[in-house]
Amino acid sequence: MKAATACIDLVALQHNLQLIKQQAPHSKLMAVVKANGYGHGLRHVAKHAVGADAFGVARIEEALQLRACGVVKPILLLEGFYSSGDLPVLVTNNIQTVVHCEEQLRDLENAELETPVVVWLKIDSGMHRLGVRPEQYQAFVERLHQCPNVAKPLRYMSHFGCADEMNNEMTPKQIELFLSLTRGCKGERSLAASAGLLAWQESQLEWVRPGIIMYGVSPFGDKTASELGYKPVMTLKSHLIAVRDVKAGESVGYGATWISERDTKVGVIAIGYGDGYPRTAPNGTPVLVNGRKVPIAGRVSMDMLTVDLGPDATDHVGDEAILWGADLPAEDVAQHIGTIAYELVTKLTSRVEMSYSE
């Protein structure tokens with residue numbers, strides 16, 4: 001019997017991609033598959049993301065993995081290249097790059113490349129993480145247009161800081177600034193990621209860049225993906241390896257952080273922080289055992305966690321436990337833990353078995 005297993009529903013992935021296309025019908029779709037496809041398996045996700053027009057990654061190694069497994073669609077390096085030594089690799093493997101700073105621009109100007117590279121100029125429209133500031137924009141555009149190592153036309157992008165907050169005034173300001181700077185430009189543009197394409201239709205430009213929503217996880221704090229019509233792609237499962245009688249007043253686990261208020265049965269599940277399940281999960285965090293919600297009871301260990309099955313439980317060793325998935329949204333689990341579902345799905349360790357269904 002396997003211990004922790006992440007079951008990846010590739011049919012759900014395809015459903016989600018089709019729904020994205022329906023919601024952004026006039027945009028091309030750049031599927032973001034960074035961080036090992038948000039923990040879902042880079043190669044499997046790319047192979048089955050048949051509705052994608054291109055892929056977005058964070059590291060050059062991810063782009064090379066995609067090329068190695070036969071992906072021929074465009075691939076964009078979302079953080080851009082890290083050093084001038086990366087540029088020949090981009091050319092050889094037909095990888096597009098973001099340019100967001102002076103250092104990258106100088107490397108492009110000084111390089112001797114066999115063919116030009118497709119460049120997306122990243123504009124800092126208000127998030128202040130990466131990108132050229134508005135007052136630098138025109139100078140960057142002129143230098144990129146003059147650079148023989150840059151394929152023409154130049155492309156343009158930015159990123160939202162608060163698109164998941166509908167009442168935040170920052171997003172309309174970012175949209176207005178980006179559109180005003182790029183109005184009349186010949187090159188294609190991209191502004192919306194998951195929250196943007198769902199909540200800010202005016203940000204659906206020539207390209208959208210869905211990430212977390214593609215995997216059936218919501219970018220919003222007040223709605224699950226299921227409530228938006230999307231299907232969770234990952235279900236994290238394990239099983240009971242012990243069912244123990246615990247008396248009222250007895251504690252369970254390291255630090256004795258949970259003390260039973262009644263005679264009950266406690267289930268021990270074969271998963272822990274060594275598998276990527278957060279050690280910070282507090283007492284009360286929900287787990288599904290045989291289809292019903294039961295609370296974590298006691299501190300999460302490296303290889304195990306414990307749940308209060310209740311005094312009348314009839315569960316047995318070997319019974320299934322679901323940590324998150326179709327019937328227990330990762331968003332709900334994350335909220336109990338005080339994190340975001342992005343972190344849950346991307347932090348599973350190599351010890352977790354990956355199982356794919358088509």
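From the backbone N, Cα and C atoms, a Cβ is placed for every residue, glycine too.
The active site, proton acceptor annotation in Swiss-Prot covers Lys34, Tyr254. The feature N6-(pyridoxal phosphate)lysine is assigned by Swiss-Prot to Lys34. Sequence annotations record features per position, and here Swiss-Prot assigns substrate binding site to Arg129, Met302 based on sequence analysis.
Recorded features from Swiss-Prot, shown on the structure.
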residue : record                       : Cβ contacts under 8 Å, 6 or more apart
Lys34   : active site, proton acceptor : Gly56, Val57, Ala58, Arg59, Glu62, Leu78, Gly211
Arg129  : substrate binding site       : His159, Gly161
Tyr254  : active site, proton acceptor : Gly298, Arg299, Ser301
Met302  : substrate binding site       : Gly272, Tyr273, Gly274
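Lys34 (active site, proton acceptor) falls within a helical segment according to DSSP.
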